[in-house]
Amino acid sequence: MTWDEPSSTATALLLLGRGTDPDTEKGVECPGDLPAPSDPGLVERARAAKAALGDRVFVLGHHYQRDEVIQFADVTGDSFKLAREAAARPEAEYIVFCGVHFMAESADILTSDAQRVVLPDLAAGCSMADMAVLSQVEKAWERFAALGIAGDVVPVTYMNSSADIKGFVGRNDGVVCTSSNAETALRWSFEQGSKVFFLPDQHLGRNTAVLKLGFELSDCVLYDPHKANGGLTDEQLLAARMILWRGHCSVHGRFSLDAVQDVRSRVPGVNVLVHPECRHDVVTSADYVGSTEYIIRMIDNAPAGSAWAIGTELNLVRRLALAHPDKQIMFLERNVCYCSTMNRIDLPHLVWALEELVAGRVPNQITVDAQTAHYARVALDRMLALP
Ligand code: SF4
């Protein structure tokens, strides 16, 4: 069955980063005479640089990366799988992370001191991770302490957060979670305390608490760091079981209930499959909800002829559609929905990073300071010890 490319929007094109300001955006240019990504010479240069580096380099490709980059990945996966793959290859001197900044930080935390992690474009951040800044989170924690509830609150951070936030969680007896193990992490947390402070994705926190743990929506409150006192009264904080940070994914947050209803009216029998970073009304109206790895498994195991509308990043949905021509796979929204920061890693940046390594220079190295890395590792290790 054919794949219909969603139409693009002016916003998405703008976000895809036409042009840069070298004075303010350090580390986003790849200087040199690199041609456009479509140039066949670039593919040859990437192959040659990778071959020259051999086992000294290991290239990680997140599922949401462009095909032009994914073709050079030694392994593909979600952020946690990729960080573990990097740690399992101590012989690789350089880890080139085709993903976003927080993923490269996690790789640096989990790999040895001798390994160096490279992000081909430093502008590849994550809007969700950027929504939780350490000073804001510490301010919220001070409020909990002043109210006398800090001892009852267990901080839980989604993998999609900065090393600073993971370090905060590790220091305060909390745990990291992924979209695959959020339910287990929350159950563990509610054995340690009566409340959870969930960072930075409000949707994953709310969806897991309500759909998996049976909480009411009214058990959840939203802490907004841009409002005085987080926008919450003392009474609301005292009564809440889930204190959700006001953060979200700018990609998954775009899927709407209208889109679900629209596809159901157009495609009888369609299965709606979405990521738990989507809004609560979208998740509750979908047929299946799960992590990126779950989505891939569902489509791999789906019967021929079945129809699927998928609510996750477009590069992955397109790749699934092309890999399963016997199934009808469509993008849940009609408009384009790339992760604009993930897409900053393109073939010219990858070639530049690899050729710099061949020349003996390490470009755009991502490092996490020792103290932050220590406590972030504590929170990550707690996650690994979950049942
Ligand atoms: S898809 Fe969303 S959560 Fe993932 S990197 Fe992009 S903005 Fe961040």
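Numbers run from 1 along the shown chain.
Including glycine, each Cβ sits where the backbone N, Cα and C put it.
What TrEMBL says about this protein:
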REGION    18-40  region 'Disordered'
BINDING   HIS62, SER79, TYR158, MET159, ASN160, SER179, HIS275, PRO276, GLU277, THR292  iminosuccinate binding site
BINDING   CYS126, CYS249, CYS339  [4Fe-4S] cluster binding site
Of the binding-site residues listed as HIS62, HIS275, GLU277, the one whose CA lies nearest the CA of CYS249 ([4Fe-4S] cluster binding site): GLU277
Number of other Cβ atoms within 10 Å of the Cβ of CYS126 ([4Fe-4S] cluster binding site) across all protein chains: 23
Inter-residue C-alpha distance, CYS339 ([4Fe-4S] cluster binding site) and HIS62 (iminosuccinate binding site) (nearest angstrom): 12
Sequence-ordered binding-site residues from HIS62, TYR158, ASN160, HIS275 with Cβ under 6 Å of an atom of ligand 1: ASN160
Residue from HIS62, TYR158, ASN160, HIS275, GLU277 whose C-alpha is spatially nearest that of CYS126 ([4Fe-4S] cluster binding site), among the binding-site residues: ASN160
Neighbouring C-beta atoms (10 Å sphere around the C-beta of HIS275 (iminosuccinate binding site)): 27
Remaining residues near the recorded [4Fe-4S] cluster site, that is with C-beta within 8 Å of the centroid of the site residues CYS126, CYS249, CYS339: TYR64, VAL100, SER127, MET128, ALA129, ASN160, SER250, VAL251, HIS252, GLU313, THR341, MET342
Local backbone state of TYR158 (iminosuccinate binding site), from DSSP in three classes: strand
Cβ atoms near GLU277 (iminosuccinate binding site) (within 10 Å, other residues, all chains): 26
